[in-house]
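Positions annotated as ATP binding site by TrEMBL: A:GLY236, A:PRO237, A:PHE238, A:GLY239, A:SER240, A:GLY241, A:LYS242, A:THR243. Taken from TrEMBL, the feature domain 'ATPase F1/V1/A1 complex alpha/beta subunit N-terminal' applies to A:15-76. The feature domain 'ATPsynthase alpha/beta subunit barrel-sandwich' is assigned by TrEMBL to A:117-198. The annotation domain 'ATPase F1/V1/A1 complex alpha/beta subunit nucleotide-binding' is assigned in TrEMBL to A:216-437. The annotation domain 'ATP synthase A/B type C-terminal' is assigned in TrEMBL to A:445-545. The region 'Disordered' annotation in TrEMBL covers A:1-20.
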Amino acid sequence: MSKAETAETEDEGRITNVSGPVVEAKGLDARMNDVVRVGEEGLMGEVIEIEGEVTTVQVYEETSGIAPGEPVVTTGSPLSVELGPGVLDSIYDGVQRPLDILEEEMGDFLDRGVDAPGIDLEKVWEFTPEVEEGDEIEEGDIVGTVPETESIDHKVMVPPDEGGTVADVNEGEYTVEDPVVVLEDGGEITMLQEWPVRKARPVERKQTPRTPLVTGQRILDTLFPIAKGGTAAIPGPFGSGKTVTQHQLAKWSDADIVVYVGCGERGNEMTEVIDDFPELEDPKTGKPLMSRTSLIANTSNMPVAARESCIYTGITLAEYYRDMGYDVALMADSTSRWAEAMREISSRLEEMPGEEGYPAYLAAALAEFYERGGRVETLGGRDGSISVIGAVSPPGGDFSEPVTQNTLRIVKTFWALDADLAERRHFPAINWNDSYSLYKSQLDDFFADEVDDDWAETRQWAVGVLDEEDELQEVVQLVGKDALPEDQQLTLEVARYIREVFLQQDAFHDIDTYCDLNKQFEMLRLIRKFNDLAFDALDAGVPVEEIQDVDSAERLFDIPTEENWEPLVEEIDEGLDDDFNELA
Amino acid sequence: MKEYKTITEISGPLVFVEVDEPVGYDEIVEIKLPDGSTKRGQVLESGEEIVSLQVFEGTDELDRNSSVRFLGETMKMPVTEDLLGRVLSGRGEPIDGGAEIVPEDRRDIIGSAINPHAREYPDEFIQTGVSAIDGMNTLVRGQKLPIFSGSGLPHNELALQIARQADVRDDIGEGDEEGEDEEFAVIFGAMGITQEEANEFLEEFERTGALERSVVFQNLADDPAVERIVTPRMALTTAEYLAFDKGYHVLVILTDMTNYCEALREIGAAREEVPGRRGYPGYMYTDLAELYERAGRIKGLEGSVTQIPILTMPGDDDTHPIPDLTGYITEGQIYIDRRLESEGREPPVDVLPSLSRLMDDGIGEGYTREDHGDVANQLYAAYAEGNDLRDLVNIVGREALSDRDNLFLDFADAFEDELVDQGWTTNRSLEETLGISWELLSTLPKSELKRIDDDFVEEYYRGEDEEEKEAEATA
Ligand SMILES: Nc1ncnc2c1ncn2[C@@H]1O[C@H](COP(=O)(O)OP(=O)(O)O)[C@@H](O)[C@H]1O
Ligand SMILES: [Mg+2]
């Protein structure tokens with residue numbers, strides 16, 4: 001954030017009260033949401049309430065030792081992020097200060113009162129123009145490109161509300177602040193834009209998402225797919241797999257750009273991403289994953305006000321890359337911590353609390369956040385999307401609480417994590433009975449074209465078997481499996497293959513961690529083939545014990561971890577025919 | 001420094017004072033009672049005219065005639081390596097009658113967050129000698145792994161067993177070259193526990209000679225509750241100093257976090273804050289995170305801070321805000337189970353809901369043993385299956401179950417007998433733990449070991465597999 005430094009100002013207020021992250025001042029002539037500098041050390045804060053002559057500020061840094069009487073100065077601008085080449089392959093705190101720069105300046109522990117620009121202002125980039133003298137350019141038009149990272153070309157765009165006739169174009173190496181295009185009216189376009197985080201960037205129009213965000217996670221892609229430009233929530237108690245799922249999506253989903261917001265969660269989880277991502281390959285480009293990623297970290301022990309802002313910082317970065325025409329995926333882990341940060345600030349303001357102490361505007365804030373996702377036609381006429389995936393951490397794992405409930409009203413994909421499944425190490429512990437995706441039907445065409453015509457039908461078959469198993473399990477609880485009729489025992493066996501071979505997927509296994517769509521389909525097709533052959537055999541009088549012992553069915557378990565899976569699938573396919581021929 | 005005799009209100013642990021000069025937020029105050037004794041407190045809210053304070057020693061005997069002095073600084077902990085071997089009060093003052101402590105530095109007890117960019121991801125195995133932990137919920141250096149227990153359960157025994165056996169110096173992992181000369185320290189932060197419990201720890205520390213590499217912070221049940229707010233911060237400040245300035249591998253045991261949270265609730269109530277779930281403050285998550293996140297390792301530095309906080313779950317309910325918020329912050333949790341305890345298991349660890357989130361990176365080839373992860377997964381799956389059948393068997397009886405089900409039932413029993421119930425004084429190497437694991441797994445047919453790589457099954461499986469027997473017979 002350098003915005004805060006740019007505008008010098010004359011209006012100085014005085015602190016009258018300090019209570020944790022909330023500071024009150026008098027005599028300050030600031031507007032709502034303006035960034036202010038608090039105290040002798042100039043801590044960064046934001047105006048969140050103005051009442052009479054008292055201005056209330058939330059402070060993004062620790063306030064220990066700050067006393068009444070110290071100055072408060074407004075910068076005259078709202079909380080903004082800096083947008084330009086350099087946003088990717090970086091890690092920020094909740095107000096876009098680069099954590100690596102902070103480490104250089106403060107050491108291993110986060111101190112306060114240090115500012116650092118969100119993107120490197122000195123670095124030179126190679127600008128290749130796409131416009132020439134005399135061109136008419138409008139807001140959102142691309143004026144040129146910059147190779148930002150190994151895998152991503154940064155599109156330099158005309159900022160919203162600007163445009164004109166190009167008078168001059170500067171090709172070559174420039175810093176983000178140098179003009180690369182000069183307009184006839186004297187206006188200049190640089191590689192740097194600023195944007196207030198609480199305001200959505202404008203688009204031409206919203207569009208219906210039609211392609212899936214392919215994640216390589218079987219239960220997600222096959223049973224509960226999310227669209228590119230879709231919204232999803234992952235609620236679950238602690239230890240059920242929210243973070244691992246979010247990490248898997250950040251690693252393997254076929255988005256162009258990933259913005260990962262670690263909001264109020266563990267420090268080591270961010271470190272893990274920082275360590276792993278430069279080493280891992282982007283499944284789409286083969287380049288380091290970090291080249292398409294921007295990380296935002298406000299860990300649970302970092303200042304709570306910056307937790308409230310980190311979500312907005314993240315979505316604004318995502319919008320900027322969407323505007324270039326990219327498919328962006330934004331993960332927020334966890335939106336509950338964001339909601340709690342709102343609650344904490346609101347209660348210090350002594351606002352009238354709503355449900356469970358959350359502010360009355362909780363539902364509106366959540367809706368506004370997810371609404372900034374979606375597939376759009378951008379200014380300048382490109383097709384871009386933001387898929388928004390939010391983890392939710394319900395207290396006590398109880399989904400009836402306000403954050404989960406308000407989120408469910410908005411999102412169209414619901415991946416419900418289940419403590420029971422996690423306890424028996426069935427991962428991902430996504431409950432197939434409770435989860436849903438409202439995108440299924442609009443994505444079916446894609447799967448039929450790209451994978452197999454039978455995709456949707458095979459999925460429905462699997463869902464049917466799992467439903468049946470669910471009912472049968474109630475009986476089994478009472479009488480044991482062996483008391484069931486043979487055909488029902490067989491259904492249980494088939495369901496077991498669906499669960500243990502197909503639905504379970506080990507995020508920590510080199511091969512199993514990612515499963516492409518064809519492999520997903522073939523696995524399910526083979527289980528179904530076993531099902532069909534098995535029921536034929538049962539009808540022909542083969543006892544269920546013998547069917548269960550079929551060798552090639554057992555080999556289904558080998559597919560998930562097999563890299564060269566195609567020959568294996570073929571082998572099992574033939575094996576099933578042979579085995580059942582023998583039985584008959 | 002100005003002295004005020006302007007106390008306007010005393011309410012629970014809080015005191016409100018009129019001031020005419022600005023006072024810093026979080027600053028420390030000294031309150032002098034008419035009888036000459038002093039108490040310390042901290043600024044909770046600082047206004048132009050009124051400042052509210054929380055008083056660590058409690059507000060007993062305070063009155064309007066007490067005088068208040070603002071010390072112009074936030075709370076500090078005097079640190080030095082000489083603290084090792086010392087017993088301190090919950091406020092960090094020596095209570096062992098030993099020499100005065102000459103600090104090398106005075107550190108702010110609030111502590112700053114470690115920059116995530118500066119963290120080193122923890123992946124060095126700590127052998128605790130407890131199979132349920134080493135085998136299935138592996139602890140690593142720099143982890144925060146709490147014990148979720150209930151009142152009257154032997155969580156202290158387990159913590160002591162770990163502290164006694166945890167051999168962070170003796171690396172069996174191949175990843176680490178140094179070994180022997182790495183220094184190891186234990187910090188023990190007691191909050192609101194009984195004198196008897198505290199003695200249990202102290203005597204054990206003395207008996208094993210651990211005291212000389214320990215620092216004990218002791219806030220007992222009859223010490224003021226508000227003091228509990230600073231005790232863990234003092235302990236962790238000392239831990240960070242020893243770890244990151246002096247290169248120690250520090251194990252911090254904090255007990256009982258439930259008492260700490262009760263103190264937080266008390267202060268919140270006194271301030272008339274809008275309460276969160278079950279009356280605990282809405283900021284309790286952030287407050288606990290400020291403690292737990294002080295575990296870890298830092299790139300380029302020698303030492304580490306490993307935390308084992310202990311908490312007793314009110315009503316054995318893990319959805320209660322204290323265990324719930326803790327579980328959301330810590331890197332896993334170890335459950336002590338009442339049924340296992342009543343059956344006399346030592347330690348009565350229930351592995352099913354237990355978890356070590358950092359296990360995956362600290363085990364396997366180059367860290368522990370190549371089959372470790374698969375074995376743990378398989379043990380979980382098989383034990384969970386056998387455990388599920390226990391309800392059913394109560395209804396229908398063993399005879400009604402298939403042979404396969406009976407095998408898994410037997411497995412669950414044997415698992416508790418052989419692997420979990422090792423005794424408080426048995427210190428098992430990881431090899432031993434894995435050996436017992438394979439013995440258990442070998443009671444199941446090979447075809448059931450779906451979570452284990454075939455090569456490992458080939459190497460370690462010792463059972464007489466039915467199919468193999470058949471094959472041999474026909475050969
Ligand atoms: N897909 C998965 N594959 C393997 N293990 C998993 C998977 N998902 C979760 N786990 C296990 O569960 C633990 C907790 O998951 P995590 O995502 O951290 O939970 P949460 O964020 O919900 O608290 C992980 O440390 C890991 O051991
Ligand atoms: Mg998580």
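Each residue, glycine too, has its Cβ placed from N, Cα and C.
Set these features in their place in the structure for me.
Sequence-distant contacts of A:THR243 (ATP binding site), defined as residues of its own chain at least six apart whose C-beta falls under 8 angstroms from its C-beta, comprise A:GLU265, A:ARG266, A:GLU269, A:ASP333, A:ALA391. According to DSSP, A:THR243 (ATP binding site) is assigned to a helical segment.
Across the domain 'ATPsynthase alpha/beta subunit barrel-sandwich' (A:117-198), DSSP helix (H, G, I), strand (E, B) and coil residues number 0 helix, 39 strand, 43 coil.
Taken residue by residue, the domain 'ATP synthase A/B type C-terminal' (A:445-545) breaks down under DSSP into 77 helix, 0 strand, 24 coil.
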Of the stretches A:15-76, A:216-437, A:445-545, which racks up the most C-beta pairs under 8 Å with the domain 'ATPsynthase alpha/beta subunit barrel-sandwich' (A:117-198)?
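So the stretch in question is A:216-437.
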Excluding near sequence neighbours, so keeping only residues 6 or more apart in the same chain, what lies with its CB under 8 A of A:PRO237 (ATP binding site)?
A:SER393, A:PRO394, A:GLY396, A:GLY397, A:LEU417, A:ALA419
Select from the binding-site residues A:PHE238, A:GLY239, A:GLY241, A:LYS242: which have any Cβ-Cβ contact with chain B shorter than 8 Å?
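Answer, by Cβ distance to chain B: A:PHE238, A:GLY239.
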So which of A:GLY241, A:LYS242, A:THR243, listed as binding-site residues, have a Cβ under 6 Å from an atom of ligand 2?
A:LYS242, A:THR243
Once the chains shown are all counted, how many other Cβ atoms turn up within 10 Å of the Cβ of A:GLY239 (ATP binding site)?
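Summing over all protein chains shown, A:GLY239 (ATP binding site) has 23 other Cβ atoms within 10 Å.
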Would you list the other residues of this chain near ATP - those whose C-beta lies within 8 angstroms of the C-beta centroid of A:GLY236, A:PRO237, A:PHE238, A:GLY239, A:SER240, A:GLY241, A:LYS242, A:THR243 - in sequence order?
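Here the non-site neighbours turn out to be A:SER393, A:LEU417, A:ALA419, A:ALA422, A:ALA429.
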Here are the binding-site residues: A:GLY236, A:GLY241. Which has the lowest count of other Cβ atoms within 10 Å?
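Comparing Cβ neighbour counts within 10 Å for the binding-site residues A:GLY236, A:GLY241 gives A:GLY241.
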Using a Cβ cut-off under 8 Å and a sequence separation of 6 or more, which residues in the same chain sit near A:SER240 (ATP binding site)?
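For A:SER240 (ATP binding site), the qualifying residues are A:GLY397, A:LEU417, A:ASP418, A:ALA419, A:LEU421, A:ALA422, A:ALA429.
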With helix taken as DSSP H, G or I, strand as E or B and everything else coil, how many residues of the domain 'ATPase F1/V1/A1 complex alpha/beta subunit N-terminal' (A:15-76) land in each class?
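Breakdown, helix to coil: 0 helix, 36 strand, 26 coil.
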